[in-house]
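Data first, discussion second: the structure below is written as structure tokens.
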């Protein structure tokens, strides 16, 4: 009876013992062992001895199969059946298994059979610096206007490094330069680099800047990645057109053909695009002759002759030229072109009669001035120097005056109208150019008469033979005299000289004073 009362108690004791035993060897074990191994270790690397750490009798493992069950599809760990070592089966890539920078754990189940035991083992995969920082693009390009003020920020691509912890990206660096610096902004766990303009850009000095941004991780040794940053400097119209000289000077000959190109002006503008496209124009306040004689091509800057170029009209021209670009607003540059005209011997001398006496008396003394002439030549230098002379053989000469190229025409010998009553005096003026040019001028001079010649009979004396019984008052003879003078000086009147001559016959004769007809006043009788 007493034994029956004790029987239910024993049964409860055995039930509790069996339940405790079952819980200790069931499908799940409450204790967990943790190991640590670096990623990328070689296959076969021992992580730890699970048999020892789990309190298993190593000698009994031969009869108790030991295996590893992983939650991942690929088995990364195995266990040595003989000694219970947990080892690496294949290469482990932490970044492939775990994303982010937290702790990377792999949960493993260690199964022991006969009897069945399940143990949980956690393996921490330690990160190693096996990745380089990588930018999403190899190159980043910015277009920045040269008028951009310092302080302007430009966001750069941020690099990515799959490694975690200290092996992740720690900083950025920028190649040394005078225009840009690097600023790094922390955003959560990410560092974002910015390119900051610290000095104004000048496209004309440098139109393209190539920079290198380097991302560095915290590994030992550190790994790095590089981003090529290309900065294209955009042009602004900040440069005026510029000529190589402020004043140009050329020389051209007069009489050059119309349309010929004599000079090509050229300005430069270091800007680009429309800011560097130039247009040329003549100044607005030049002399009228400049616009009449020259033209300027607006596009090419070529200067051509438009009108006749005459040294004698103008020996120098001054052209103010303006070059303007097509920027907004346009900028201009100026220069001056001085065109000197070279004289050619294209003008013959000119002989001008200042005063002229067309008539000179034959009794004029040597040195008597009959004309005053002036000689000039529009050319200059030797081309305008004139030599004058009288070419004809005449009793006249040129006498220079105190003033250059002024001459007097004077007599140099006595004149005799009865020998030469008219002279043609040819004056020759020749310049000293090459070839020389000559001008002739002829003066027509008449020699005026004076009564310096007596009348002369063709015969003297004259013998007259008459027949007797002539008719009274009839003409018996005619006489004739000549006078080399002219006009009134050559007018002859005839008369019989009676004074002082005792000849009765003369009283019977009469002469016509105008024509020299001699007539008898009575009839003569020979006897």
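Every residue, even glycine, has its Cβ placed from backbone N, Cα and C.
Per TrEMBL, domain 'Cadherin' is recorded for 29-135 (among others).
As annotated by TrEMBL, domain 'Cadherin' applies to 136-243 (among others).
Looking only at the domain 'Cadherin' (244-351), the predicted model's pLDDT averages out at 94. What TrEMBL records for 244-351 (among others) is domain 'Cadherin'.
Marked as domain 'Cadherin' by TrEMBL: 352-457 (among others).
TrEMBL lists 458-527 (among others) with the feature domain 'Cadherin'. Broken down by DSSP into helix, strand and coil, the domain 'Cadherin' (458-527) contains 9 helix, 13 strand, 48 coil.
The annotation signal peptide is assigned in TrEMBL to 1-31.
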For the domain 'Cadherin' (244-351), the DSSP helix/strand/coil residue counts are 10 helix, 48 strand, 50 coil
